[in-house]
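In what follows, a single structure is set out as structure tokens and then discussed.
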């Protein structure tokens, strides 16, 4: 392990907050303590240096970054120069591996051709557009400000600039019919994208939408409806040659998001920015007894406090958890079972000493997984009932 | 002053007055009793404990007295010291037999009625029992200090009931003490002295028996004839055991050992018996050396009338449940239990209770005092079921109901007395009719309150009758009932099937007319309570092999979380760990996972079928019956 190293940069700004969103993002442009939109790139770069020094102090020697991902919030509220500047900082500190994947998320109405060209020139290889829907009333329900035309223009520009373009869709918004959903999927695929993410709308109680649903003024998303919509997108994507490779992700072969695959393969990554999570395997043989163990740390959530910590010269970690072998095993199982490449049975059996044949047999019998070459992969039904599959594997190996 | 003080064991019967107080919950019996103890000087005011006679927490909270006790109270009237034996009586319907024994230990009864509320059904029933025992009744209205008291109105009511002059109804306030001296004087003057044979062979009536963790079994007795001495071997005439008594004494107000107890006196004996079933209420104690030839009349063994299964939610608590029941049994001769295994609920006990309240008290004590998390099955009364081949089965559990054709089923009946303000007569009649009640007579006990008499199957009472009575009469009606024979009835066993498998815990024996509503309600409830699973789950209600109601839990299609990126992993893992822990609280019925909460909620009584869907389904089920 530790062969790959990834860098994630969180940009906690949006022009407006969407009613369903519970991400760590802010619409004010200046949050104090240097955490302003204008100054953000400098703060993030400073954090990278602090993190780099911290890694050295703990003997964590990372290879050159194989992927970089800017997420948010809306990373494209920063100027392309700021984004490129941060890529360069990463290159200076850790290095960027040849052929690395460098992605930014973008709201369709915050990028234009000029910006995209500058990103491409600055080393970006991929843009992921938050399309969400192609149906105006659904976009309204989701508080999105862009129009389907923005999406077309952005994707065309990215393709023209030689970037891989991906679009995100959300299904299950209140009032969205099955036909609305087909329209959205069709529009996305008609753009000729080689990567598609589709997420069931997750309503968090703390969001504006969550409160409206709790108050009964908006209908609650329905699991059966979402299941039907999942089957629709899976079939339609497959029909144009995009295969699922993770539960919510489809791609033409070779165009998977390598950065996200890294999360599911449990590689090391540094998370930069307020609330960002990092994951490291500690070097073996340390005298703290943590040798070979993994640790997950996360940055202080509020940008102002985050900025203060950086100004004081501290890595702005809020807290961390040490992942014991049991938790590590649980993560390996739950993440592996989300992937088309599947869960490596031999590895799990070796770690637990448990024969997985009976549970695999039962899951196969229930049509939830298939098993090939020592790996189990969820079927379509097993993707939809993924928690059930995970729990059944858990109960077979954990006591 | 050299006034004579009566000594226990040496008190002339002519100076003894034994009485009890008959009162409804919350009518102030304990306050008046406390006041009596205080006025007599045996409890100094500063030591007055609130509600001195009620010892157990639950009883205090519920305002009921399960176990009666007896206090020896000195009271001087006209310069002569009298000895009053104040016997506390249990206040609830399930303890009729105990009440009858307490009454048998007295010559007089104080009928204590709340002047703001008037007499209640249980009080009335105990009053009738006291009159049957030829007790002298001293009518008293309490709480006259309250602004809402209506003493004139309720004095009329009481006078009408016992045939006295309304002016003879004493008016007291336990709270202020007003009228309590007069009450004690009246007791001395009106209650007859005991008339037992002081020289005869000893005979003492056990009217209560209590387990005390320090002293063991404390048995409360009323000496009827002769005397018992402290070093004398005792013989229980009913149970047939003999003991060397450890201690004999009186309570005044604490336990006070004495050398003897003489005819007419009330006191206690500590026998060394291990549990209360060896020292039973109603039994007669005599001297082993000079035994009486005849026991006192009225001894019997109360039979459990309500049965239910009690199961620990965590089956690992089964041994603790057994220990807890063993402990309660020390103090509760009426509680019976034997191990029971349920496919759905695991290991538990089938318990027999005197009635519904007895059951509630026991399960609440198990929960509260012993920290046990329990599921109780629906209460069941004992049925006598005759199969077609003529074999007779006593059925206290639906699982004992014989398969195949049934020739005859006999169910226990009760005579129920309900007192209600007259505006609720219609509501009470509807309720009783819904519960297969047959109306007897109805009397006005005052201008605005009636007493209604019904004969109702006990099974109908034990389910949710009392709650419904209260809710349909805005809490004003009161209920009393006692055993009243049995009747043949058209009863059936309704089974509940989950995915085709019978779930024993949900089976019920119900009247054929109620079978549909039970089936529809139970299947609907379970549909709500059981979470969707990977496969479709049919839930059916059946009589024998005939399905009478059906619901479907559709298969779960999706449980996956859409997003699981860097920052989501910890949260997702913790969520899965929580789900995994939750699974441990699931019972597996075949392949179906049923949360424990579903059993608790499904077995809870008191839901009525008022929504439209339920009514439609019941109607449809009945139609299909033809």
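For all residues, glycine too, the Cβ spot is worked out from N, Cα and C.
Caution: TrEMBL annotation is automatic and unverified by curators.
Secondary structure at residue B:30 (GTP binding site), taken from DSSP and collapsed to helix, strand or coil, is helix. Under the heading GTP binding site, TrEMBL lists B:26, B:27, B:28, B:29, B:30, B:31, B:142, B:143, B:144, B:145.
What TrEMBL lists as compositional bias 'Basic and acidic residues' is B:609-626.
Annotated domain 'Tr-type G' per TrEMBL: B:14-195, in sequence order.
The region 'Disordered' annotation in TrEMBL covers B:605-626.
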Q: Tell me, roughly as an integer, the mean pLDDT over the domain 'Tr-type G' (B:14-195).
A: 85
Q) Given the GTP binding site residues B:26, B:27, B:28, B:29, B:30, B:31, B:142, B:143, B:144, B:145 in the record, what is the largest Cα to Cα distance, rounded to whole Å? A) 16
Q.
Please give me the CB contact count at 10 A for residue B:30 (GTP binding site), counting all chains in the structure.
A. 22
Q) Which of the three DSSP states, helix, strand or coil, fits residue B:144 (GTP binding site)? A) coil
